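Enquirer: So Swiss-Prot has the following annotated:
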| type | residues | note |
| --- | --- | --- |
| ACT_SITE | Tyr56 | active site, proton donor |
| BINDING | Leu196, Ile234, Ser237, Thr245, Asn246, Arg272 | NADPH binding site |
Amino acid sequence: MPGAPSPSAPSIALNDENTMPVLGMGVAGLSDDETERAVSAALEIGCRLIDTAAAYGNEAAVGRAIAASGIPRAELFVTTKVATADHGFTASREACKASLDRLGLDYVDLYLIHWPAPAAGKYVDAFGGLIQARGEGFTRSIGVSNFTEEHVSNVIDLTFVTPAVNQVELHPLLNQDELRKANAQHNVVTQSYTPLALGQLADNPTVTSIAGEYGKTPTQVLLRWNLQLGNAVIFGSSNAEHIATNLDVFEFELASQHMDAINGLNDGTRLREDPMTFAGV
């Protein structure tokens with residue numbers, strides 16, 4: 001286990017007067033045991049944002065690790081997400097309550113619609129349920145995940161409420177430049193998941209060369225690039241040493257030519273499902 005906790009990540013302002021750490025850890029794909037160990041390690045190291053989802057099946061494990069940490073609830077930022085099966089006004093509100101029960105928490109800091117699943121046509125109703133959940137104190141902030149510019153605009157136009165966050169696939173191969181601009185116009189924070197492109201850039205010559213110049217790992221360079229774009233970022237790991245390394249990205253800054261070089265890797269490669277056609281989880 002790494003030693004002293006690293007400094008907590010800086011925070012970014014949300015459009016609802018709340019704040020969120022710009023960097024945190026997600027637990028997608030981890031078993032209960034892996035989740036409990038990873039979250040415990042992350043919290044001990046200094047991470048304060050933990051991202052889970054109903055569809056991950058590990059909310060209870062996240063809750064156990066949080067409870068065991070002894071860290072005051074107010075110091076943590078916990079995100080979870082509503083599954084597509086629970087789209088709908090009443091269903092999404094009830095799903096939030098069920099997530100709280102599994103987490104063992106009185107509230108979450110951010111509740112997201114996991115996927116728009118546009119063919120089902122219920123994501124706007126689901127967001128209405130999130131508005132209700134926020135009003136009842138189940139969540140501090142509400143947002144969306146995997147939403148396109150069209151989906152975000154529909155939610156705003158039909159509910160008159162702007163999501164605080166849009167969490168999307170975003171990495172140098174898919175830098176989401178247009179979507180980031182659209183989010184910013186709505187004052188929606190863009191939060192990147194898969195910032196490491198599922199390992200596909202670990203040996204990329206551009207990335208490794210830049211990492212060598214700064215004495216950093218390719219992972220640190222990829223996270224730093226994302227943060228310098230102005231995004232919030234969620235990384236995934238079950239390894240305590242990797243978690244510590246991933247959190248240690250606030251003591252250096254990439255020069256503009258290196259940012260440009262990484263931007264040049266963008267070729268539109270999508271590693272996760274297409275939000276326009278995916279039926280969701």
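Every residue, even glycine, has its Cβ placed from backbone N, Cα and C.
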Enquirer: Determine, to the nearest whole angstrom, how far the Cα atom of Asn246 (NADPH binding site) is from the Cα atom of the residue listed as 'active site, proton donor'.
Expert: 22
Enquirer: Around Leu196 (NADPH binding site), how many other C-beta atoms are within 10 angstroms of its C-beta?
Expert: 22
Enquirer: Rounded to the nearest Å, what's the C-alpha distance separating Ser237 (NADPH binding site) and Tyr56 (active site, proton donor)? Just drop the number here, would you?
Expert: 14
Enquirer: Expressed to the nearest Å, what is the distance separating Ile234 (NADPH binding site) and the residue listed as 'active site, proton donor' at their Cα atoms?
Expert: 15
Enquirer: Between the binding-site residues Ser237, Thr245, Asn246, whose Cβ has more other Cβ atoms within 10 Å than any of the rest?
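Expert: Buried the deepest by this measure is Asn246.
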Enquirer: If you skip the near sequence neighbours and keep only those at least six away, which residues in the chain come within under 8 angstroms of Tyr56 (active site, proton donor), Cβ to Cβ?
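Expert: Looking at Cβ-Cβ distances below 8 Å from Tyr56 (active site, proton donor), excluding near sequence neighbours, one finds Val27, Ala28, Gly29, Leu30.
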Enquirer: Express in Å, rounded to the nearest integer, the largest CA to CA distance found among the NADPH-binding residues Leu196, Ile234, Ser237, Thr245, Asn246, Arg272 named in the record.
Expert: 25
Enquirer: Can you tell me whether DSSP puts the residue listed as 'active site, proton donor' in helix, strand or coil?
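Expert: Once the DSSP labels are grouped into three classes, the residue listed as 'active site, proton donor' ends up as helix.
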Enquirer: Out of these binding-site residues, Ile234, Arg272, which one has the fewest other C-beta atoms within 10 Å of its own C-beta?
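Expert: It is Arg272 that, of the binding-site residues Ile234, Arg272, has the fewest other Cβ atoms within 10 Å.
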